[in-house]
Amino acid sequence: MSYKIVALPGDGIGPEILSGTLELLKLISEKYHFEYHLESHHFGGVSIDYYGTPLTNETLQSCKNADAILLGAIGGPKWTDPNNRPEHGLLKLRKSLNLFANIRPTFVTKGASHLSPLKQDIVEGTDLVIVRELTSGIYFGEPSYVKKTEALDSLKYSSQEIERIVRIAFNLANRRRKKLTSVDKENVLSSSKLWRQIVNDVKKDYPEVEVNHMLVDACSMHLITQPTQFDVIVTENLFGDILSDEASVIPGSLGLSPSASFGQTGTRLYEPIHGSAPDIANEDKANPFGMVLSLALCLRESLNQNDAANELESIVYSFIQSNKTTADLGGQYRTSKIFKLLKEKYL
């Protein structure tokens with residue numbers, strides 16, 4: 001079987017971290033004997049420069065036909081038109097592909113716990129995933145307005161929107177340590193009451209998964225004081241936005257964190273959580289590990305290459321443990337040197 005992969009290098013450091021990652025993918029495919037077809041398209045700010053839009057119809061159609069999308073990074077101060085920003089392309093892509101679930105792993109190995117801003121004995125062994133609903137909730141609710149003396153946002157969820165994200169979280173927990181924490185604000189919000197009800201209903205289909213309901217304020221505290229208690233966390237859009245950013249600092253650098261966006265079926269999108277960092281673009285300083293770990297997610301979730309994903313993750317964590325890192329992690333290695341060493345593991 002041959003997989004179709006679309007590469008979207010994007011802006012800033014995106015092209016340099018993705019190009020090295022694609023070279024790794026080629027070596028991994030040769031070792032693990034799978035085939036893929038690769039297409040690359042301009043996306044984000046660079047697409048605005050070339051075509052006047054952050055997402056062309058050709059690029060969108062290519063993405064719709066893909067098994068997986070690998071995205072570098074988008075955005076930067078160069079593109080200031082509020083009606084034609086690079087980020088609009090990503091929002092349109094997510095909506096067109098119905099990517100309603102954002103998956104963000106947070107992992108701290110014994111050898112990397114010293115990088116965390118938290119105490120080592122607190123973070124060591126952290127291995128959690130936050131599943132965030134991505135396309136509904138207060139960010140998309142109507143009516144929404146700002147007037148001179150008042151403003152309104154609307155928080156709305158349907159049972160179908162809740163159930164589909166909850167099932168993705170249950171399936172993920174079922175493959176991991178079988179612990180699911182559902183985060184809401186059930187003591188105050190009507191939408192959270194429905195959320196909790198749906199979680200309890202869906203639980204009947206997953207008898208082996210232990211479910212714990214937690215209020216969002218309590219969860220935000222426990223993420224800092226006892227992150228190792230969590231396996232899979234599922235929550236709505238606003239809470240997930242905040243909690244996933246909070247969790248992302250636990251490993252010690254935004255450059256370490258991968259992410260994925262899933263729909264019910266079809267194409268899945270993989271990207272590091274960091275921005276385009278235009279201040280260090282083309283300076284060979286970018287931390288590539290978030291992009292490389294996003295490839296590992298892609299190998300596992302879209303290409304059915306679990307062994308390859310596990311090996312790649314182990315190699316990255318061994319590099320961190322031995323301080324083969326870029327400056328943001330306290331190392332002295334350039335981006336190109338990291339990729340050279342990574343590729344040598346497959347030669």
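Placement of Cβ uses the backbone N, Cα and C atoms for every residue, glycine included.
In the three-state DSSP classification, Asn84 (NAD(+) binding site) falls within coil. For Asn84 (NAD(+) binding site), the same-chain residues 6+ apart in sequence whose C-beta sits under 8 angstroms from its C-beta are Ile48, Gly52, Thr53, Pro54. Annotation source Swiss-Prot lists NAD(+) binding site at 76-87, 275-287.
Sequence annotations record features per position, and here Swiss-Prot assigns substrate binding site to Arg94, Arg104, Arg132, Asp217 based on sequence analysis. Neighbour density for Arg94 (substrate binding site): within 10 A of its CB lie 17 other CB atoms from the protein chains shown.
According to Swiss-Prot, the Mg(2+) binding site annotation covers Asp217, Asp241, Asp245, on the basis of sequence analysis. Within 10 Å of the C-beta of Asp245 (Mg(2+) binding site) we count 14 further C-beta atoms, all protein chains included. Under the three-state DSSP scheme, Asp245 (Mg(2+) binding site) falls in the helix class.
Taken residue by residue with DSSP, Tyr139 (site 'Important for catalysis') is part of a helix. Cβ neighbour count for Tyr139 (site 'Important for catalysis') (all protein chains, 10 Å cutoff from its Cβ): 15. Swiss-Prot lists Tyr139 (among others) with the feature site 'Important for catalysis', giving sequence analysis as the kind of evidence.
Over all protein chains present, the Cβ of Lys185 (site 'Important for catalysis') has 19 other Cβ atoms lying within 10 Å. The feature site 'Important for catalysis' is assigned by Swiss-Prot to Lys185 (among others), with sequence analysis given as support.
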Checklist outcome for this item: Not counting Asp217, Asp241, Asp245, residues with a CB within 8 A of the CB centroid of the Mg(2+) site are Val216, Ser220, Leu238, Phe239, Gly240, Ile242, Leu243, Ser244, Glu246
Item to check | Long-range Cβ environment of Gly76 (NAD(+) binding site), under 8 Å and at least 6 residues apart | outcome: Asp11, Gly12, Gly45, Pro86, Ser276, Pro278
Next on the checklist: Which secondary structure state does DSSP assign to Arg94 (substrate binding site), in the simple three-class scheme?
Outcome noted: helix
Next on the checklist: Please give the substrate site's span as the largest CA-CA distance among Arg94, Arg104, Arg132, Asp217, to the nearest whole angstrom.
Outcome noted: 28
Next on the checklist: Using a 10 Å radius around its CB, how many other CB atoms surround Glu283 (NAD(+) binding site)?
Outcome noted: 12
Next on the checklist: Given the recorded positions Arg132, Tyr139, Lys185, find the one whose Cα is closest in space to the Cα of Glu283 (NAD(+) binding site).
Outcome noted: Arg132
Checklist outcome for this item: Here the binding-site residues are Arg104, Arg132; the one whose Cβ sees the most other Cβ atoms within 10 Å is Arg132
